[in-house]
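S.K.: Here it is, the structure, as structure tokens.
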Amino acid sequence: MENWTTSPDVLILEALKVTPQSSLPAFILLLFSYIFIMVSNLGVLVLILCNSSLHQPMYLLLCNMTVNDAFGATVTLPHVLKDLLLSGSERYIHYWSCAAQAFCVHLHASVSHTVLVIMAVDRYVAICNPLRYAAVMTHQMVASLSWAAWGSACVLVGILVGLSVRLSRCRRMVLNVICDNASLFSLSCESVFVNNVYGLAYTVLLLGSSMVSVALTYLKIIAVCLRSRNQALNGKALQTCTTHLAVYLMLLVSGFIIVIMHRFPQLSDHRKVATVLGHVALPALNIVIYGLQIREVRQKVFAAFKKKVSAVDVK
């Protein structure tokens, strides 16, 4: 064990600054949060896949979000939970495990944006071109959009992390509770100019394209709703669009907070907490917002729950 921890390929992770008295409550809170995220997201995924009435583009695209949120929580929270139970000297991670975690962390963040963009496209077609919706948003189109959302994110993140992995290392301390791209290239004493340029381009491309796409989509939807006198149509459009916009704004705000905190080293402890909370709050809130706001999903959840309760009462 001693030889393994002194290897240059073994890194030391910083820990959350949690007092011994609060470590157990923090562990229990994060554990129950993780269980809720997994059960709710995977439960909705199974519900959609097992009910043919929910095999509609909007719900099939929602499956991407549930899978991504469960994936993002699994990448980070078990690691944080383990660290809450260990002493400071035992927070070790192999370099390649750290690189893999950094790839997954950024993939989760990127897919969160690209999935919300294709969901905005779906709402645009449904509201602005309702007569052509069935012809445009076929199952093949849904699959193509899903592949595009995940594939583009994989390419962008692969280059981002690949540029950091190519650097030689002169440090072992990871200045975060989880590994991310900034943690990887901060281990090097080489010039990281290329990393910074690509990182900036990656952030501008991802955030800029998602913000412009969502903004243009909603401006067109608002214009259609203002011209329409169909109150039922406008009410349904407002409900689904409000749900989507709330999730997108939460993602955007949390992303900006973490990016800004990276620029202020004196806020490193706050950034660690914000990073963990981002991987807890967003996946939990996303599924609650969509599960409670979309009537069809809400009805299916309640129906399944009542059926389960009735079966228990019969026994």
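Here the Cβ of each residue, glycine as well, is placed from N, Cα and C on the backbone.
TrEMBL does not curate its annotations; it predicts them automatically.
Keep in mind the model is a prediction, meaning the values are calculated, not measured.
Look at TrEMBL and you will find 26-49, 147-167, 200-226, 238-261, 273-292 tagged as transmembrane segment. The domain 'G-protein coupled receptors family 1 profile' annotation in TrEMBL covers 40-290.
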S.K.: Under a criterion of three or more Cβ pairs within a distance under 8 Å and sequence separation of at least 6, are the transmembrane segment (26-49) and the transmembrane segment (273-292) in contact?
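M.R.: Yes, since the transmembrane segment (26-49) and the transmembrane segment (273-292) share at least 3 Cβ pairs closer than 8 Å, they count as touching.
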S.K.: Going along the chain, which residues at least six beyond the ends of the transmembrane segment (238-261) come within the CB cut-off of under 8 Å?
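M.R.: Beyond its ends, the transmembrane segment (238-261) has Cβ neighbours at 58, 65, 109, 112-113, 116, 119-120, 123, 127, 203, 207, 210-211, 214, 218, 221, 225, 267-268, 270-271, 274-275, 278, 281-282, 285-286, 289-290, 293-295.
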S.K.: Please compute the mean pLDDT of the model over the domain 'G-protein coupled receptors family 1 profile' (40-290).
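M.R.: Here the predicted model's pLDDT, averaged over the domain 'G-protein coupled receptors family 1 profile' (40-290), is 86.
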